[in-house]
Amino acid sequence: MRLLLALCLLLLTITPCLAVDTPDEMLPDPALEQKAQQIGQQLRCLVCQNESIEESSAPLARDLRHIVRQQLQQGRSATEIETWMTQRYGEFIRLRPGFSPATALLWLMPLLSLMVALLLVRRLWQRSAPPPTPLTQEERRTLNSMLKKD
Amino acid sequence: MRLTRRHLLAALPALGAAGLGIGFVRMLHGLNQGHFDPRAINTPLTGQPVPGFPALPPLPDAPGLPGLTRENFQNIKKPVLLSVWASWCLPCVEEIPFLRQLAASLASDATPLELWGLCYKDQPARAAHWLEQAGHPFTRLGMDQDGQGAIDWGVTGVPEAFLIMPDPQAGGRIVWHGTGALTETIYQTQIIPHLEAKP
């Protein structure tokens with residue numbers, strides 16, 4: 001148990017492996033650099049499309065990382081930077097797409113699946129009805145007399 | 001025969017398979033006709049005015065080949081085909097024969113468009129050499145050595161091309177954005193229709 005706890009704690013120390021090529025690419029201010037990484041992890045590298053720009057070592061990703069940091073230093077907010085990127089590369093650049101008619105199904109899928117699951121569970125419960133209650137003494141007597149008649 | 005729920009349930013997989021089949025046939029048909037491209041990227045600039053981008057200087061030793069700025073698109077008389085390329089990119093070499101042929105056909109009087117270039121992250125000497133090989137197809141060329149101009153155009157790699165229609169109010173309007181090497185087929189099926197649609 002203690003070993004398991006220790007292993008879990010060790011897992012917490014794992015940080016994502018980022019592709020920042022050179023230390024001088026990073027911002028001197030650690031808080032701002034952390035913010036830049038958070039923004040960058042939400043932006044898709046358009047060359048290696050399943051990586052974020054923070055993970056990718058493609059030249060375009062490096063340029064975009066640089067732009068994120070430049071704009072943060074100019075005091076732009078995360079939303080402004082994301083809008084700047086979306087204007088150029090479309091919604092596709094966002095690894096977490098915004099809610100729109102095109103992404104509604106994607107976002108609502110967990111809710112829809114939950115509703116379907118609840119419906120199924122309800123139907124299962126209805127099907128397994130309780131067994132009929134045993135006949136009372138009087139009922140049994142009536143039944144026997146009816147059967148004897150034949 | 002009475003239609004029971006069992007029959008309906010059995011029909012479900014068949015219907016699903018039929019739906020998939022129709023989808024595949026439509027996809028293949030689209031691939032054949034050229035209106036479906038699985039490798040197509042998102043092109044949010046299509047239909048938009050020419051974006052703002054830093055002024056791109058000309059090649060140092062190329063007289064008669066001016067650089068590229070946003071203002072150049074302001075008063076274009078003819079549609080402009082802007083080709084984004086680099087001498088280090090193999091598909092760009094692949095499209096040289098077509099560019100040469102297009103430039104030659106544009107040299108006649110009835111030119112339907114102008115061919116401009118944006119040279120992405122390239123060394124001027126190598127770019128000049130490439131131009132010689134391509135038969136100097138462009139009438140304007142912007143050198144984008146740090147790649148910032150291409151980012152404003154939403155370029156994800158080379159080669160890419162844009163078709164810009166004259167629109168003085170918007171400063172030129174992008175009507176088509178293609179990725180990959182330009183070919184005669186793409187020109188005929190995707191660019192010519194835009195040129196003919198011009199009022």
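Each residue, glycine too, has its Cβ placed from N, Cα and C.
Whatever TrEMBL says is automated annotation, not expert-curated.
Keep in mind the model is a prediction, meaning the values are calculated, not measured.
Per TrEMBL, signal peptide is recorded for A:1-19.
The domain 'CcmH/CycL/Ccl2/NrfF N-terminal' annotation in TrEMBL covers A:8-147. DSSP states for the domain 'CcmH/CycL/Ccl2/NrfF N-terminal' (A:8-147), grouped as helix (H, G, I), strand (E, B) and coil, give 85 helix, 4 strand, 51 coil.
Residues or ranges marked as region 'Disordered' in TrEMBL: A:130-150.
Within its own chain, the compositional bias 'Basic and acidic residues' (A:137-150) is flanked in space by no residue lying at least six positions past its ends with a Cβ under 8 Å from the stretch. Residues or ranges marked as compositional bias 'Basic and acidic residues' in TrEMBL: A:137-150.
Mean pLDDT for the domain 'CcmH/CycL/Ccl2/NrfF N-terminal' (A:8-147) in this predicted model: 87.
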